[in-house]
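S.K.: Reproduced below are the annotations present in TrEMBL:
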TRANSMEM  12-33  transmembrane segment
DOMAIN    48-177  domain 'SLC41A/MgtE integral membrane'
TRANSMEM  89-114  transmembrane segment
TRANSMEM  121-152  transmembrane segment
TRANSMEM  164-184  transmembrane segment
Amino acid sequence: MADVTARNIVGQALPILLLCVLIEVGAGLVLGGMEENFKLLPGLIVLVPPLLGLRGNISGALASRLGTALHQGVLDPRFLWGPEMRVNVFSSFFLTLLVSASAGILAWLVTLLVGIESVSLFTFLAIAIIAGILSSFILIGLTIGIAFMSYAKGFDPDNVTSPLMASIGDIFTVVCIYISVLLVA
């Protein structure tokens, strides 16, 4: 791994962060395209921020754990599916299920408490869980791939994977929310 200097960190992180800005603009465009769905499913907008935060946080935590494991030699970059990887993947997926269900319940409760017209608790739960599962399958694979590829190319995965996954997580989660709305509505 290269020497840790401010120049190296900025050199690795800046292009990634600029790419993240473009990805976030794309996520905003996809979200804007869902405007009609928000009109058809009252209260749905309350669910979007926690689901976006959920995926970014879980993917970011996974990216950090993988980066640390690669740096410490706990993960062998040539052997992808060992016990350390299984624990990390299972934990990320299980957290996604728990927090997606919690987000659905809490978003529904907030709409009730604030007096916002909303869809049923079942609809909130279904959309949150389906979007969480769909995005989880995609983002866990991408997180692993980006962490291992950046490490193999000599980049610090902490400078690359976490910021990329936060942005990629947003766009994929918005798309998965849209798909789950189409399936549920």
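Just so you know, glycine gets a Cβ as well, placed from its N, Cα and C.
Where the annotation comes from TrEMBL, it is an automatic prediction and has not been curated.
Tell me about the surroundings of these features in the structure.
M.R.: Outside the transmembrane segment (12-33), and at least 6 residues removed from its termini, the chain residues within Cβ reach (under 8 Å) are 48, 155-156, 159-160, 163-164, 166-168, 170-171, 174-175, 178.
Within its own chain, the transmembrane segment (121-152) is flanked in space by residues 41, 43-44, 47, 51, 54-55, 58-59, 62-63, 66-67, 70, 77, 80, 85, 89, 92-93, 96-97, 99-101, 103-105, 107-108, 159-161, 164-165, 168-169, 172-173, 176-177, 179-181, 183-185, which lie at least six positions past its ends and keep a Cβ under 8 Å from the stretch.
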S.K.: Let's see if you can do this one: DSSP helix, strand and coil counts over the domain 'SLC41A/MgtE integral membrane' (48-177), in that order.
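M.R.: For that range the per-state counts are 110 helix, 0 strand, 20 coil.
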